[in-house]
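K.L.:
So Swiss-Prot lists these for the protein:
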- D95, G206, T214, E216: Ca(2+) 1 binding site (BINDING)
- Q177, D228, V229, D231, D301: Ca(2+) 2 binding site (BINDING)
- C82-C135: disulfide bond (DISULFID)
- C165-C249: disulfide bond (DISULFID)
- C191-C244: disulfide bond (DISULFID)
- C196-C207: disulfide bond (DISULFID)
- N69: N-linked glycosylation site (CARBOHYD)
- N145: N-linked glycosylation site (CARBOHYD)
Amino acid sequence: MYGIEYTTVLTFLISFILLNYILKSLTIMMDFIIYRFLFIIVVLPPLLNAQNYGINLPITGSMDTAYANSTQEETFLTSTLCLYYPTEAVAEINDNSWKDTISQLFLTKGWPTGSVYFKEYTDIASFSVDPQLYCDYNVVLMKYNETLQLDMSELADLILNEWLCNPMDINLYYYQQTDEANKWISMGSSCTIKVCPLNTQTLGIGCLTTDTTTFEEVATAEKLVITDVVDGVNHKLDVTTSTCTIRNCKKLGPRENVAVIQIGGSDILDITADPTTAPQTERMMRINWKKWWQVFYTVVDYVNQIIQAMSKRSRSLNSAAFYYRV
């Protein structure tokens with residue numbers, strides 16, 4: 001009996017000593033690995049000359065678009081400003097160094113060289129199909145064109161607000177808008193939109209669901225269409241899907257890092273009448289039409305007042321981000 005107890009105690013002591021030895025061995029081994037790893041980290045960096053791809057990107061958001069006057073020297077920048085302008089401005093100025101001149105003028109207003117990026121677009125129609133707003137602050141210059149009033153106002157509504165959008169299958173389903181913030185947004189080379197409102201028996205109201213020629217045409221061959229119909233009523237839609245994509249969208253609120261400046265025009269575009277616009281003070285302003293040199297001088301002169309009406313955001317906007325906001 002006593003022999004069994006002694007054997008048990010002896011076995012326990014041997015197990016304890018063996019476990020203690022194993023733990024000490026593991027501790028010594030881990031200390032060796034950790035200290036060797038730290039030694040390598042401390043010694044190697046001064047000997048290497050590799051690029052750190054994380055510090056030379058002054059623009060927040062997507063970097064898919066190359067910017068004409070980008071620089072990799074200003075790694076300390078905390079804010080970036082993108083200035084969007086039509087191609088006609090470049091043609092009129094006709095000066096290969098005009099961007100450098102404007103950049104130096106922005107420097108006098110506190111914007112370091114390399115923090116201002118110039119982005120050219122062909123026209124309002126093409127810009128509305130694929131808006132790309134990547135900077136902390138984005139200022140879009142739109143020269144007034146009487147024939148493009150609708151495109152200009154809808155583009156302003158698109159880029160001055162954030163939207164959550166989902167695909168629509170108009171061949172299988174009827175759609176209705178739930179409230180005033182719910183819109184259908186179409187983009188493409190040519191968008192013609194027709195709608196047929198339905199009653200509770202899914203019969204057309206003033207139209208035949210089997211005959212699209214009886215549908216109400218709300219847009220014809222446009223690049224960008226924001227369709228607003230009567231809330232709470234199902235609609236059958238007919239869209240030129242071969243050249244246009246339509247999405248079911250919800251306006252979430254203002255995109256406060258974007259401002260639109262209308263250049264010239266007797267009529268002032270104003271989207272603040274939209275009841276879904278909150279707050280009612282929008283970042284949309286107008287300056288008188290002058291030569292493009294004078295336009296850029298005016299923007300430089302008032303850039304800081306313009307920025308004060310905006311808020312810095314890191315979320316970028318392009319056609320993909322517009323469709324699927326994350």
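Glycine too: its Cβ is placed from the backbone N, Cα and C atoms.
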K.L.:
Taking each of D95, C135, C191, C207, E216, C249 in turn, which of these recorded positions have a Cα lying within 10 angstroms of the Cα of Q177 (Ca(2+) 2 binding site)?
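P.N.:
So the list reads C249.
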K.L.:
Only counting partners 6 or more residues apart, tell me which same-chain residues put their Cβ under 8 Å from the Cβ of D301 (Ca(2+) 2 binding site).
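P.N.:
Set apart from D301 (Ca(2+) 2 binding site) by at least 6 residues yet with Cβ under 8 Å, we have K109.
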K.L.:
Using C-alpha positions only, work out which of the disulfide-bonded residues C191, C196, C244 is nearest to D228 (Ca(2+) 2 binding site).
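P.N.:
Looking at Cα distances from D228 (Ca(2+) 2 binding site), the smallest one goes to C196.
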K.L.:
Can you tell me which of the recorded positions C196, C207, V229 is spatially closest to C165 (disulfide bond)? Compare CA atoms only.
P.N.:
V229
K.L.:
If I restrict to non-local contacts, at least six residues apart, and a C-beta distance under 8 angstroms, what lies near E216 (Ca(2+) 1 binding site) in its own chain?
P.N.:
K194, V195, C196, P197, G206, C207
K.L.:
Given the recorded positions N145, Q177, T214, which one has the fewest other C-beta atoms within 10 angstroms of its C-beta?
P.N.:
T214
K.L.:
I'm trying to understand the geometry here, so how far is the Cα atom of V229 (Ca(2+) 2 binding site) from the Cα atom of T214 (Ca(2+) 1 binding site), in Å to the nearest whole number?
P.N.:
17
K.L.:
Please give me the CB contact count at 10 A for D95 (Ca(2+) 1 binding site), counting all chains in the structure.
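P.N.:
That number is 11.
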K.L.:
Under 8 Å Cβ-Cβ from C244 (disulfide bond), six or more apart in the same chain: what's there?
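P.N.:
The list for C244 (disulfide bond) reads S186, M187, G188, S189, S190, C191, T192, given in order along the sequence.
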K.L.:
Could you tell me the C-alpha distance between T214 (Ca(2+) 1 binding site) and C249 (disulfide bond) in angstrom, no decimals?
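P.N.:
That comes out at 26 Å between the alpha carbons.
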K.L.:
Hey, how far is C82 (disulfide bond) from D95 (Ca(2+) 1 binding site), Cα to Cα, in Å?
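P.N.:
Distance between the two Cα atoms comes out at 20 Å.
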K.L.:
Around D231 (Ca(2+) 2 binding site), how many other C-beta atoms are within 10 angstroms of its C-beta?
P.N.:
12
K.L.:
Counting other Cβ atoms within 10 Å of each residue's Cβ, which of the disulfide-bonded residues C82, C135, C165, C191, C196 comes out lowest?
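P.N.:
Least crowded of the disulfide-bonded residues C82, C135, C165, C191, C196, by Cβ count within 10 Å, is C165.
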K.L.:
Which has the fewest other CB atoms in a 10 Å radius around its CB: C207, C249, the listed disulfide-bonded residues?
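P.N.:
Lowest Cβ count within 10 Å among the disulfide-bonded residues (C207, C249) is C207.
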